[in-house]
Amino acid sequence: MPAGRPGPVAQSARRPPRPLSSLWSPLLLCVLGVPRGGSGAHTAVISPQDPTLLIGSSLQATCSIHGDTPGATAEGLYWTLNGRRLPSELSRLLNTSTLALALANLNGSRQQSGDNLVCHARDGSILAGSCLYVGLPPEKPFNISCWSRNMKDLTCRWTPGAHGETFLHTNYSLKYKLRWYGQDNTCEEYHTVGPHSCHIPKDLALFTPYEIWVEATNRLGSARSDVLTLDVLDVVTTDPPPDVHVSRVGGLEDQLSVRWVSPPALKDFLFQAKYQIRYRVEDSVDWKVVDDVSNQTSCRLAGLKPGTVYFVQVRCNPFGIYGSKKAGIWSEWSHPTAASTPRSERPGPGGGVCEPRGGEPSSGPVRRELKQFLGWLKKHAYCSNLSFRLYDQWRAWMQKSHKTRNQDEGILPSGRRGAARGPAG
């Protein structure tokens, strides 16, 4: 027999399943009672009633008939589990009024409300039923993480125990209290950002740490997570930056300008902020992230492809609220904003060649260094002012160097070469 699979289920698979329509609909929720009318005039009782067992356990159950009708016997009775008739070799008559059942190596319940174990009369009518709960006790929840949106609330989520599935209805309660005083509180808004999460909407204190933990309970036991201690100011996140605008930078074919505003919900609070930008081309799903935006609210993306549509998003990390030393939590990304770079006016492969201007060398150390600098710049997107100041300084130095070379060669501003004068006389 395969490990972990119950004997009766494995054997009953050889028989065609009994239609669920033959059972009362309350059985689907494992709510059983005495049949009302029908051909089953006798009633019975199953013992034990509604047992709770660990996976791999065995069950010894009995169905005992009682009633006032003469001739009532256990002969012809049979069992079903979740609508499937169990093999007759799993049952035996104890006496004229009692049918016993032996199940071994039970698997986890197929529904958290319990499996349906039913005793039937010869004609198929229901005599008695029991809910069978088979599962595992909960394990200690872990990995609790919490965040506060704009310091107005607190949302937490966690991971259930190592195995996760207990096969039984398991209740998770998030508890919290002020660290040094106050009573335990229970979160009430569950499943807000997933199956294991809870939302505390209001009445939170600032500048005072909270203790937060999760308790898990089911029919087989309980478990409690480690305590998480946090200050709301240390876990603040905010809405994505609004009013993100992306535009061209004049006629520069490889650059786009991105501008946005600070989170309005935090405008009255003392905090720093850092931003991230990510962008992708229109026909790609791969994003490139720019990390060095610092606390600016504008950025120039460089090294882009000419004549290409780009989608851009921005997110914010409002760290350092009221002097908090924590790293902060990133917001969601803003809605994508699109813009295109200008088309290149330079000839492509096979086209004309751009000739150097008169007096400009077509090669040399300076031009090679500039080519290397621009090639490096095209591979990166920079948003810090320092990068563009360096680029502007590079251009100014190049212009000054070019002017110096022209003067050394005797080229006048008008482009005419000056005539060399000899000594007077």
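Placed from the backbone N, Cα and C atoms, the Cβ positions cover glycine too.
Record note: among 40-44, 225-229, 330-334, 330-334 is the stretch given as motif 'WSXWS motif' by Swiss-Prot. According to Swiss-Prot, the cysteine that forms a disulfide bond with CYS187, out of CYS156, CYS198, is CYS198. Per Swiss-Prot, the phosphoserine annotation among the candidates SER39, SER88, SER222, SER414 falls on SER222. Among the recorded positions ASN107, ASN143, ASN171, SER222, the residue whose Cα lies closest in space to that of ASN295 (N-linked glycosylation site) is ASN143. Calculated from their C-alpha atoms, the gap between ASN143 (N-linked glycosylation site) and SER222 (phosphoserine) amounts to 18 Å.
Looking only at other Cβ atoms within 10 Å, the busiest spot among the recorded positions ASN95, ASN107, SER222 turns out to be ASN107. Note: the Cα of ASN95 (N-linked glycosylation site) and the Cα of ASN171 (N-linked glycosylation site) are spaced 42 Å from each other. Here the Cβ of ASN171 (N-linked glycosylation site) has 11 other Cβ atoms within 10 Å, regardless of which shown protein chain they belong to.
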